[in-house]
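Engineer: I have a structure here, written as structure tokens, and I will follow up with some questions on it.
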Amino acid sequence: MLRKFIDWFKPLPDAAEKITDPQEITKQYKRWRLRLFISAYIGYAMYYVTRQNLNPIAHVFKAETGITNDQFGLMVSISLIAYGIGKFVSGMLADKSNIRVFLAFGLMASSVINLFFGYLTSFFLLVLFWTLNQAFQSMGFPPISRIFAYWFSPKERASKWTLWASAHTVGISIAAIIAAAILKLMDVTPLIHWQYVFVLSGILGLITSFYILRSVTDTPASVGLPPVEEYTGCQQLVTKEANEGESYWTLLRKYVLTNKYIWILSVAFLCVYFVRYVTLSWAAIFLDTRELSKASIPLIFTLNPLVGALGGITAGILTSKVFGGRCTPSNVIYFVLLAISAYGFYLFAGPDHLFLTGFFIAALGFFVDGPQNLINVQISLLTTKESVAAACGFCGLFGYVGGFLAGSGASFILEHWGWAGVFNACIVSCVIGVLLVMTAWKKENRDISAAAK
């Protein structure tokens, strides 16, 4: 039984018959690219629905379960550690696995946990199963990074990646809308309970996981197509040397663990995620302390991911059309404006400034999505296709160290220096992020120039 389960994850073999007709190759590439992009988009959105549905009801969850701010922060932090470590481990496993099965299984397992999570009463069980949920959630991004590495050329990747990345903000929005609807219905009928936020998310996630199993394939070779480099005529910037051994650990060490730019950008990613998770994990509680109505908080919170989706897409367009494919200038601009948005949200959030409250929480989403997406694009271009999932997972590990700091770290700051300290920490994180991404400026210029020759 275990052997069959493991075999289920093995990469699909190359197709017995290769497609050689140029017109048919073009037709099949267009078909599979669209199909894979849509599946990755819907799938990742549902990953976020089953992962971020706690945040918009955090104030209700705390009141109903009786946990304190410290306990909530601890639960968030522990689960994010599991997600961060899981993302790196999942990246290594995904590099050697079937894209379709890997992507579907993580969502399936997470959805099952969602079905019963809201009915747990023990703090220990809440932490345990939310941590397990995050561990399964870590299986979402790595196989999708492989889709982009194997099916889209480097010159296409920034625009396609940032467009796809809006899926996570759509997922957060759906989670917030579900939460708002459930909380509103609770005021109308006693038949509706807050736990239904998790139950409905789990049902939608299960449906989507079966859709992924039917719609996704593995590499181009598995359906008889040539490599994307041959199809597009655009080579990967970093390729495995022809005489290099096939050891995956050799690739991991050479193209990920000893690559200084991957380390630098990963630490910058930590800074992005600190601000991101302060917003996602604490914004609802912060707005509650500013005396906004409990029903209005999820609605205002929805602006963050909705506008965030536009921010990520805009970053891709800015990078491709204005800066010639260079991510660093876009990252610098976004980090600076993200710091300003954090200050504005702290300063104006409250019932007396509803427009500014909505504006700045939306701006936080818009400007956090730029570097969050573009740093991953840069990472994918700094390594080989054979190690891209591990490289992105390694970067993701640092991101969720930032998430951990946004949990327990923000809780500690909140206790000692209040909300002003929390948002000042966000501003400092943005400044550090600017300094780090700027170190890759010359390297990126050299790579783009070399690729153009």
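Cβ atoms are placed via backbone N, Cα and C, with glycine included.
Just so you know, TrEMBL annotations never went through curation; they're auto-generated.
So TrEMBL has the following annotated:
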type: DOMAIN; residues: 36-445; note: domain 'Major facilitator superfamily (MFS) profile'
type: TRANSMEM; residues: 32-50; note: transmembrane segment
type: TRANSMEM; residues: 70-89; note: transmembrane segment
type: TRANSMEM; residues: 101-129; note: transmembrane segment
type: TRANSMEM; residues: 135-152; note: transmembrane segment
type: TRANSMEM; residues: 164-186; note: transmembrane segment
type: TRANSMEM; residues: 192-213; note: transmembrane segment
type: TRANSMEM; residues: 261-285; note: transmembrane segment
type: TRANSMEM; residues: 297-319; note: transmembrane segment
type: TRANSMEM; residues: 331-349; note: transmembrane segment
type: TRANSMEM; residues: 355-375; note: transmembrane segment
type: TRANSMEM; residues: 387-413; note: transmembrane segment
type: TRANSMEM; residues: 419-441; note: transmembrane segment
Engineer: Would the transmembrane segment (419-441) count as touching the transmembrane segment (261-285), i.e. at least 3 C-beta pairs under 8 angstroms with sequence separation of 6+?
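Structural biologist: Result for the transmembrane segment (261-285) with the transmembrane segment (419-441) is yes.
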Engineer: Grab the same-chain neighbours of the transmembrane segment (297-319) for me: Cβ-Cβ under 8 Å, and only residues 6 or more beyond its ends, written as numbers and ranges.
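Structural biologist: Residues packing against the transmembrane segment (297-319) from afar: 55-57, 59, 158-159, 161-163, 165-166, 168-173, 176-177, 179-180, 183, 279-280, 283-284, 287-288, 325-327, 329-330, 333-334, 354, 357-358, 361-374, 377.
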Engineer: For the domain 'Major facilitator superfamily (MFS) profile' (36-445), what's the model's average pLDDT?
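Structural biologist: The predicted confidence over the domain 'Major facilitator superfamily (MFS) profile' (36-445), as a mean pLDDT, is 88.
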